[in-house]
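Beneath this line is the structure, given in structure tokens, with notes to follow.
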Amino acid sequence: MASADEFGFEDEGKESINGRMQVEEEDTEEELIYDEGVRTELLAGQKKSSSFWTFSYYQTFFDVDTRQVLNRIKGSMIPLPKRNFVRHYIRNKPDLYGPFWICATLVFAISISGNLSNFLVHRGESGFRYTPEFQKVSIAATAVYAYAWLVPLALWGCLVWWHGHAGAPAPYSFLELVCIYGYCLSSFIPAALLWLIPLEPMRWVLLVLACMLSGGVLSVALWPVLRRYGQHHATVALAFLLLLHICLGLGCKLYFFDTPQAVPAPSLPTHANNDTMHQHNQ
């Protein structure tokens with residue numbers, strides 16, 4: 001009597017099972033893509049349905065959990081050449097929660113560390129009396145928040161103008177640019193806290209390290225967009241943006257943190273030197 005293998009029943013069964021498994025995997029992938037598309041459409045519809053002047057419009061930009069914020073902070077402090085911050089961490093869902101509190105933390109870190117550092121630098125001087133400089137809090141807040149909002153606004157305006165001539169929308173939205181700049185400032189927070197130690201070489205090393213880390217993330221995120229306008233224009237624009245970024249860190253370091261004065265070497269009085277020379281001559 002012929003077996004099932006001779007009639008090819010076993011091979012047909014395997015092919016049927018494999019076919020069903022492949023169809024199920026394709027259906028699962030389609031469902032995931034569909035769910036992601038539905039979620040994006042719902043978020044977009046929610047933003048469009050809310051008026052610009054209502055609280056619910058801005059509430060969606062603060063709808064993030066702790067895990068998302070920590071992942072974005074980690075991504076903004078570790079520049080990787082093939083890991084765009086916008087594509088891998090924001091994913092068309094920018095938030096204002098992280099940039100707002102990162103800027104606020106940086107403001108207080110600079111102000112408090114600057115006050116304490118200046119106290120440590122001048123405490124040994126005669127006639128020194130420590131007076132808290134509360135006005136530096138407002139100065140730091142103005143500098144940090146102006147940089148985190150005005151630079152992305154100017155960059156977004158340039159992108160809209162450039163793409164408007166080509167009849168295409170800007171590749172990054174204004175909130176995505178605010179997200180990039182806000183999260184990139186997180187590299188300056190540990191540097192500002194360690195600037196409390198009155199060691200000038202260590203301060204410069206921390207400044208260079210913070211600028212390199214945050215500037216690297218900015219370069220990886222902005223270069224693919226800028227290079228569409230030509231290699232020369234992209235290089236000039238990116239160099240200008242990085243220069244502004246360095247100026248922010250350099251300005252905070254020089255304005256809020258006094259340089260420790262070098263202690264002069266002790267020297268003998270002039271009259272003592274003259275007496276000694278007179279005795280040798282005799």
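Backbone N, Cα and C define each Cβ position, glycine as well.
Annotation comment: TrEMBL describes 1-22 as region 'Disordered'.
Per-residue confidence over the domain 'Yip1' (80-248) averages 89 (mean pLDDT, predicted model). The domain 'Yip1' feature in TrEMBL is assigned to 80-248.
Positions annotated as transmembrane segment by TrEMBL: 96-117 (among others). Listed as Cβ neighbours of the transmembrane segment (96-117) (distance under 8 Å, sequence separation of 6 or more from its ends, same chain) are residues 58, 61-62, 64, 69, 72-73, 132-133, 136-137, 140-141, 144-145, 148, 175, 178-179, 181-183, 185-186, 188-189, 192-193, 195-198, 252, 256-258.
Annotation comment: TrEMBL describes 137-162 (among others) as transmembrane segment. Sequence-distant contacts of the transmembrane segment (137-162) (same chain, six or more residues past either end, CB-CB distance under 8 Å): 99, 103, 106-108, 110-111, 170-174, 177-178, 180-182, 185, 222, 225, 229, 241, 244, 248, 251-252, 255-256.
When Cβ-Cβ distances below 8 Å are used as the criterion, the transmembrane segment (174-198) is approached by residues 61, 72-73, 75-77, 85-86, 90, 94-96, 98-100, 102-103, 105-106, 109-110, 113-114, 116-117, 120-121, 144, 147-149, 151-153, 155-156, 206-207, 209-210, 213-214, 217-218, 221-222, 245, 249, 252-253, 257, 260 of the same chain, each at least six residues removed from its ends. Per TrEMBL, the feature transmembrane segment maps to 174-198 (among others).
Annotation source TrEMBL lists transmembrane segment at 204-226 (among others). Tertiary proximity for the transmembrane segment (204-226) is limited to same-chain residues at least six positions away from its ends with a CB under 8 Å from its CB atoms, namely 75-81, 83-86, 155, 159, 171-172, 180-181, 184-188, 190-191, 194-195, 233-234, 237-238, 241-242, 245-246, 249-250, 253.
Look at TrEMBL and you will find 238-257 (among others) tagged as transmembrane segment.
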